[in-house]
Amino acid sequence: MLEFFRTLTNNWDIFSRGFLTTLKLFVIGAVGSLTVGTILATMRVSPVPVLRGLGAAYVNIIRNTPLTLVFAFLVFAAPKLGIEIAFEPAAYTALTIYTAAFICETLRSGINTVPVGQGEAARALGMTFGQVLYLIVLPQAFRTVVPPLISMLNAMLKNTTVAAGFSVVEAGAIQAYLSERGENQVVTLFWITFGFLCFVVPLILLQRYLERRWAVVR
Amino acid sequence: MNSCRTASLMGMGVLAIVMALGACGKKDEPRAAGSTSAAVGTGDKCASSGVKLTPATDVKIEGSKTYDKIKGAGKIVVGVKADQPNLGYKDADGKRCGFDIEVAQLVAARIGIDPSKIEYKEIPSTNRETAIKGGEIDYYVGTYSITDKRKNDVGFAGPYFIAGQDLLVRKDESAITGKDTLQGKKVCSATGSTPLQRVREQKLTDDGNISEFKTYSECVSQLLDKKVDAVTTDDAILKGFAAQSPSKLKVIGQPFSQEKYGIGVAKDDTAFRNAVNDVLEAANKDGTWKKIYDGTLGLSGSSATQPPAERY
C-alpha cells in the first residue's frame with residue numbers, strides 16, 4: 001500500500017512537470033479552438049458563398065484527419081517546406097487546428113436551434129448580419145450547446161497526450177519515464193488516470209453550473 | 001451547397017498534395033547510395049550475417065516452465081525491436097535482421113526450435129517487463145540493459161553485449177567531441193529513456209535544448225533536418241544508424257556510461273536462464289557470436305568481444 005503512494009511521491013518531479021504542461025496545453029488549446037471555432041461557425045452561416053465554402057472545406061478536411069497526422073505535419077513535414085515552428089507552439093497549433101473544426105460544428109448545431117423568428121426580428125430592427133449573429137443568435141446558440149461544448153473540451157484535454165510523441169513532455173509522457181525508472185506500470189497508469197480526473201471533475205462542475213445559469217427558456 | 005462541395009473536394013486535393021510532399025521528404029533520406037551495394041545493413045534492405053543455424057536435437061531443460069511451454073507449442077514467441085538498424089530491424093519487405101534478431105535466432109536453434117518457427121512480437125521499451133511477466137513472450141532480445149531495478153521484475157541471461165551512451169552527429173560537425181561539449185547544443189533522445197534522463201540530471205545542456213520523440217529514428221530525422229545537433233543513446237543503436245547513412249552521420253566514439261545488454265526471461269525460471277547462458281557461452285567459444293557480430297553491427301567498422309555471462 002505504501003509502495004502505491006511512493007510511486008507518486010518518489011516521482012513527483014515527473015508528475016508535476018507532466019500535468020503542468022498538460023494544463024498549459026489544455027488552456028491555450030481551449031482558448032484557441034473556441035476562438036477559431038467561433039470564427040469558422042460564423043463563416044459557415046454567413047451569406048457569402050466563398051466564406052461558406054472555405055468554412056465547410058476546413059471542417060471536412062480537418063475532421064477527417066487524425067490529430068497525430070496534424071502533429072506530424074507540423075513537426076516533420078513543415079520544416080522540409082521551410083516552415084520552422086518550435087515543438088510547444090506546434091502542439092498548441094495542432095490542438096487548435098484540430099479541435100476548432102469540432103467546436104465549429106457544435107456551435108453551428110446550436111445556431112440551428114435558435115428560432116428563425118429571432119433573426120428575422122433582429123433584421124427587421126435594421127441590424128446588420130454581424131449584429132444579428134453576435135448580439136442575438138450566438139449568445140443563445142452558446143447557451144444551448146454547453147454540454148456538447150464541454151464534452152469537446154474534455155476530449156481535447158485527453159487529446160493533449162498525443163503531444164508526448166512530438167517532444168512535448170506532458171502527462172502522456174509520464175509512463176515512459178516511470179517505466180524507465182522501473183516503477184510498477186499499473187500503479188503509474190492509475191496515478192495518471194487520477195490526475196486526469198482532477199482536471200475533468202471541475203470541468204463537469206463548470207458544465208452543470210453554466211447549464212443552470214444560462215438555460216434558455218423557450 | 002454545390003459550391004461547398006467543390007470547395008471541400010478541392011481542399012482534400014490540397015491535403016493529398018501536402019501529404020505527398022511530406023512523403024517525398026522522407027524518401028530522400030539516404031539509401032547509402034550504392035556504397036558496396038549489397039553491404040549488409042546499409043539502406044533499408046535486410047540481409048543477414050549468413051551464419052547457418054541448425055536446430056539442436058537432444059535438448060533437455062529440466063524444470064523450466066518457459067521451455068515446457070515452447071515445447072508444447074512447437075514455436076517460440078520472441079520480443080524484439082523493429083526500428084533499430086543492424087540491431088533489431090524490419091525492412092520494407094517485412095524481413096527482420098540485425099544483431100539482436102540473430103542472437104534471438106541463435107538461442108532458438110540451440111534449444112531445439114527452428115528459427116523459422118519464431119514468432120516475433122514488437123514490444124516497445126515501456127512494456128517489456130509487463131510482456132515478460134505476463135508470459136506474452138518467451139524471451140526478449142532488444143537492447144535490453146540489465147539493471148538491478150529491472151531484476152525485481154524479470155530475469156536476465158547474458159550480458160551478450162556491452163554498450164555505452166554516446167553521441168550521433170552530422171558528419172560535418174566539429175564542435176561536439178564528447179558529452180562535455182554539449183552545452184548550448186540541441187540534443188534528442190527517446191521520451192523518458194535513461195540516456196535522456198542522464199543528460200537532464202548531469203545538466204549536459206539546457207532543458208529547453210532537449211527534444212524527445214517516441215523512437216530514435218524520429219530523432220535521427222530531426223538531426224538530418226538540422227533541428228537538433230546530436231542524438232544520444234547507446235552507441236550500439238547509434239552505430240546502426242551511422243552504418244545506414246555513412247555519408248551524413250557519424251558516432252563520436254566517447255561512451256560515457258556502461259550498458260550491459262541481456263536477454264530478458266521470466267524471473268523465476270532459473271533453469272531457462274541458465275540454458276540461455278550456456279548457449280551464449282558456447283557461441284562465444286565456437287566463434288558463432290563473433291560471426292554474427294561481424295555480419296551485422298560490426299559493419300559500422302568497430303570490433304567487439306563478447307562479455308562473459310554473469311550467472312547471478
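Including glycine, each Cβ sits where the backbone N, Cα and C put it.
The model shown is predicted, which means the values in this text are computed figures rather than measured ones.
What TrEMBL lists as domain 'ABC transmembrane type-1' is A:19-205.
As annotated by TrEMBL, transmembrane segment applies to A:21-41 (among others).
Within the same chain, residues 84-85, 87, 90-91, 93-95, 97-98, 100-102, 105, 159, 162-163, 165-167 sit at least 6 positions outside the transmembrane segment (A:61-78) and bring their C-beta atoms closer than 8 Å to a C-beta of that stretch. Among the features that TrEMBL reports, transmembrane segment is placed at A:61-78 (among others).
Within its own chain, the transmembrane segment (A:90-111) has Cβ neighbours under 8 Å at 25, 28-30, 32-34, 36-38, 40-41, 44-45, 55, 58-59, 62-63, 65, 67, 70-71, 74-75, 78, 137-138, 140-145, 148-149, 152-153, 155-156, 159-160, 162-163, 166, 168, counting only residues six or more beyond its boundaries. Look at TrEMBL and you will find A:90-111 (among others) tagged as transmembrane segment.
Counting residues 6+ beyond its ends, the transmembrane segment (A:131-150) has Cβ neighbours under 8 Å at 38, 42, 45, 103, 106-107, 109-111, 113-114, 118-119, 122-123, 203-204, 206-207, 210-211, 214-216 in the same chain. Annotation comment: TrEMBL describes A:131-150 (among others) as transmembrane segment.
The feature transmembrane segment is assigned by TrEMBL to A:190-210 (among others).
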Long-range Cβ neighbours of the transmembrane segment (A:21-41) (under 8 Å; 6 or more residues past either end) | 55, 58-59, 91-92, 95-108, 111, 138, 153, 156-157, 160-161, 163, 168-172, 195, 199
